[in-house]
């Protein structure tokens, strides 16, 4: 079976619309796909209807941007099987979207003040098509270099990392609350790419809050991560999931879908 349970669209920080993603999925023989846009379930109903017409089963999803305050690390929680407008998630994530949008506007102002040739209207247009303005929108308005290129990565790191003029983050929700809320809204709470964010240590606490899955297969995971996730899944009786973390032109993964191991 070919599936993908971690995909982003223009509703958050992806470059492709729901329709573009699903058309690609259908062409590649993807049977099941979850849209897991950051901190929003917007558009899932229409996406599911489009998926039915194209022969792709669309699973409602979300990726909650969260934090482990005890260890000082970012944590991402996938919610699979949730519906558009899921009330508890909307209440939890709404403030995150507001903070991210305000921070991105601040970053845009810093770029303009510093004299960078940034297409402000293009950035704002991309933000309007999404649920808020993202760094990826600012980069798209700043350079035509493709995401995987060394020039893109160098520019991004110089501006948004390591003390650059746009290096400012926002406050996130507690990862434990994220798990509880996904469960409250009827979804399967999954620890996303723990190898990428080194969030393994938090897993026992999240299980106590209702965590039901762990993302084993992810482009940033090594074989050691695969093995560790499999072992933890058995120990804590978790479902193993996998996905591409596809962002279109705003990411390094070229396409959606992967073959689920037997």
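Start at 1 and count along the chain as shown; that gives each residue its number.
Note: Cβ is positioned from N, Cα and C throughout, glycine not excepted.
Per Swiss-Prot, Mn(2+) 3 is bound by 63, 76; the candidate from 137, 193, 218 named for the same site is 193. Annotated Mn(2+) 2 binding in Swiss-Prot involves 13, 247 plus, out of the candidates 38, 221, 226, the residue 38. For residue 8 (Mn(2+) 1 binding site), applying a Cβ distance below 8 Å and a minimum sequence separation of six or more within one chain yields 14, 35, 36, 37, 38, 63, 245, 246, 247, 248, 251. Summary for the binding-site residues 13, 63, 245: the Cβ-based neighbour count within 10 Å is maximal at 63. Counting only same-chain residues at least 6 apart in sequence, those with a Cβ under 8 Å from the Cβ of residue 6 (Mn(2+) 1 binding site) are 34, 36, 61, 63, 78, 192, 215, 218, 241, 242, 243, 244, 245, 246. Distance from the CA of residue 13 (Mn(2+) 2 binding site) to the CA of residue 76 (Mn(2+) 3 binding site) is 15 Å.
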